[in-house]
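What TrEMBL says about this protein:
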- 600-628: compositional bias 'Acidic residues' (COMPBIAS)
- 636-656: compositional bias 'Acidic residues' (COMPBIAS)
- 657-667: compositional bias 'Basic and acidic residues' (COMPBIAS)
- 668-681: compositional bias 'Acidic residues' (COMPBIAS)
- 473-575: domain 'Small-subunit processome Utp12' (DOMAIN)
- 592-681: region 'Disordered' (REGION)
- 122-157: repeat 'WD' (REPEAT)
Amino acid sequence: MAAGGGCSGDPLAPAGVPCAFSPHSQAYFALASTDGHLRVWETASNRLHQEYVPSAHLSGTCTCLAWAPARLQAKESPQRKKRKSEAIGTSDQIDLLALGTAVGSILLYSTVKGELHSKLINGGHDNRVNCIQWHQDSGCLYSCSDDKHIVEWNVQTCKVKCKWKGDNSSVSSLCISPDGKMLLSAGRTIKLWVLETKEVYRHFTGHATPVSSLMFTTIRPSNENQPFDGITGLYFLSGAVHDRLLNVWQVRSENKEKNAVMSFTVTDEPVYIDLTLSENKEEPVKLAVVCKDGQVHLFEHILNGYCKKPLSSNCTIQIATPGKGKKSTPKPIPILAAGFCSDKMSLLIVYGSWFQPAIERVAINSREPHMCLVRDISNCWAPKVETAITKVRTPVMNSEAKVLVPGIPGHHAAIKPAPLQTKQVESKRKLGGNEVSIEDRLGEMHIDTKKGKDDSLQTNSFPVLLTQGLESNDLEMLNKVLQTRNLNLIKKTVLRMPLHAIIPLLQELTKRLQGHPNSAVLMVQWLKCVLTVHASYLSTLPDLIPQLGTLYQLMESRVKTFQKLSHLHGKLILLITQVTASEKTKGMTFPEQKAKLVYEEESSEEESDDEIADKDSDDNWDEDEEEKDSEKEREVDEDNEEEDEDAEEKDEENSEDREVASEKELNGDSDLDPENESEEE
């Protein structure tokens, strides 16, 4: 089941191109490309089977398509005699293919005849058709549109059987229950309708964005003990635009539980979803989801109740080109659609270009969590159309015929001029010296050469230009928008940006933040507005951290160096202020002042000489100390010797005195007066 067509300019339109495999045998793959052409490919031989171009393929492009069930092949309204070419093998081919258009009409194309079967127009939709569902048994067709209505068509009479309002906003998706008695419809909320009474049976919460796909996943309820009324206990799957969570809901008997039972997480918005139905409680549901980034995620899970955490894929399949040479890197090839084969153990994968897709059958290996298939499609890009299919004939060009191109009336331009005319023109140019200027030629054609309007960008075109620049990676367009310095204009642009362009905008801002500092100052303003305006949307993304990993690392590295830079900034400011203060003091002139009184000391010169001598003797400080110590020892020795000599002299004098005194005593001189004694002494 395709997620719808993304050819419109609506940012909430589903991504991808309308496409679908034929039921049961999957022998054909129908594809409505962006140029309005319907192409039917054979899956076995990868050959273009049929191509159909509607009359209004440019104004009313195809927005959705659906194959008729295999049971409706025999119920073809006009009964006529079959040709010999059609009589062989028509029972094995799928007949009708319903195409919904952007103008509200529905086309029924017959693949057996290779032509348009009928149109469903009268009393139908007034706006874009979003989804088409065939009923399994009754041969009816159900369609929903942006005009908020659901229409039940009778394919036999091409008239409206019933029309009712499905939602307050546009209805984006439909799904019929396995028993054919209930109808699921979804805009932003999901409703379960009773087809007989056209009344709402249950309400479900839904998604924040329009639902792009609805599919029932089980045929029987998990609890087989209770009586089954055909709908209670069944599970169904829903996917939405710009939502990477696929929710699983359960239809319960009570009307209290309106939230999802479990969810599957994928890497990007789902583009194409296919699954295998679970017929009993022990059989797991196998799910193949093709995302907008070109990967296929495979899930296998038994639906048996509530699950809190989102379930991740069991296997991921990617396709890449082989790198030619050592330096060349392999490039990824986008996967467009994938469907389970009848054995449920292999996938039909459609990859490459929408105009020339490659279809391959791949066996599923559940042991490998990631599969990367290397395919070379360099020779497959050119579209291959058989000569029997195309009906365009190239006309034979005649030298005398004149071919007129669309342009200004009266202005004829020949695409293939005759060689004689070119010679005449060259001779005229040589004869005439002065050629007519381009301005004069435009004046003769009544075209104003002056520009009436200014080429400056309007403020309301900034969000459109930014979105287109991000999608096409146009640097000139991005520079025109991102180099603005008006804060109010930046805020208005960010407010009007679609949600799917927020992550690419953040990634582009991250790249520019790592560039020149002058551009980084502007990018910070944009980044601040994006994070403040779209904070609620960014908080709902489950894998925001791996997507914006470079931005996180950049911010952390800048924050780590901020403290050091602030310290350095403070020191530089201090140095600059000191330098400026010193320069100011140098430039100032001080007044001359003479001293009234001068006092000079007399001993200043002597002291200065002593100081000079002391300074000179500082170098030989150790030697002077040794000399002083030796002099002191010598002086001490001399003093000791002198003391010894004095003591000897005193001893000699005392001995002499004693001898004299003894002689006097002997001679009788001791009776002399003391005065005489003193005189003698």
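Going from the start of the chain as shown, residues are counted 1 onward.
Yeah, the Cβs are placed from backbone N, Cα and C, and that goes for glycine too.
Tertiary neighbourhood of the repeat 'WD' (122-157): same-chain residues 4, 8, 63-69, 71-72, 75, 77, 96, 98, 100-106, 108, 163-176, 180, 183, 185, 193, selected by CB-CB distance under 8 Å and a gap of 6+ residues from either end. Broken down with DSSP, the domain 'Small-subunit processome Utp12' (473-575) shows 86 helix, 0 strand, 17 coil.
Within the repeat 'WD' (122-157), the DSSP-based counts of helix, strand and coil residues read 0 helix, 18 strand, 18 coil.
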